[in-house]
Amino acid sequence: MPHRTIPGARGRVRPITVLGDRVLREPCRDVTEFGPELARLVEDMFATMYAARGVGLAANQVGEPLRVFVYDCPDDEDVRHLGHVVNPRLLEADGVVIRGPEGCLSLPGLEAGTERFDRAVVEGFTVSGEPVRVEGTGWFARCLQHECDHLAGGLYVDRLSGRRHRRVMRQVARAPWG
Ligand SMILES: [Zn+2]
């Protein structure tokens, strides 16, 4: 087997921003420099995501207002999806709408039934500037939509309404980080 570097192996685990941090609420900027700094950021994001046992992480969750996310996420058929996207665009989100449990490393310990499309297609670039297209269904489609929301300054709680929204916001108020 050819030797391949494990993503995040050389990265630094960074503190994760939580709900209330402004950087989570502002749209991130497009990446314009595809250099070593970007590669280092992606490495740090993988290291941080794995340390926190997450399946996806957006750059503003480590305090960088840039349009980048990483993922290591299974779909509903247990196929593993691993990668990163720079300057992603959510090209398609369709199929049935499914309400499923969703959480976020920026609201640690909480989750709520959140509606998402069952299929999503994201296009963007790799750290070296190569075009990339990622297609996902099920749990992975949820992840792709969740990370795209982050980069626009959104959070899954924005997609809740009524009782579900009130319940999770009460839990936020009681949370040690809230
Ligand atoms: Zn999140």
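Cβ atoms here come from the backbone N, Cα and C positions, even for glycine.
Keep in mind the model is a prediction, meaning the values are calculated, not measured.
Annotation comment: TrEMBL describes C104, H146, H150 as Fe cation binding site. Taken residue by residue with DSSP, H150 (Fe cation binding site) is part of a helix.
Taken from TrEMBL, the feature active site covers E147. Listed in sequence order, G56, L57, A58, F69, Y71, P88 are the same-chain residues six or more apart from E147 (active site) with CB atoms under 8 A from its CB.
In sequence order, L110, H146, L155, Y156 are the residues near C104 (Fe cation binding site), counting only same-chain partners six or more apart with C-beta under 8 A. The Cβ neighbour count for H150 (Fe cation binding site), using a 10 Å radius and every protein chain shown, is 22.
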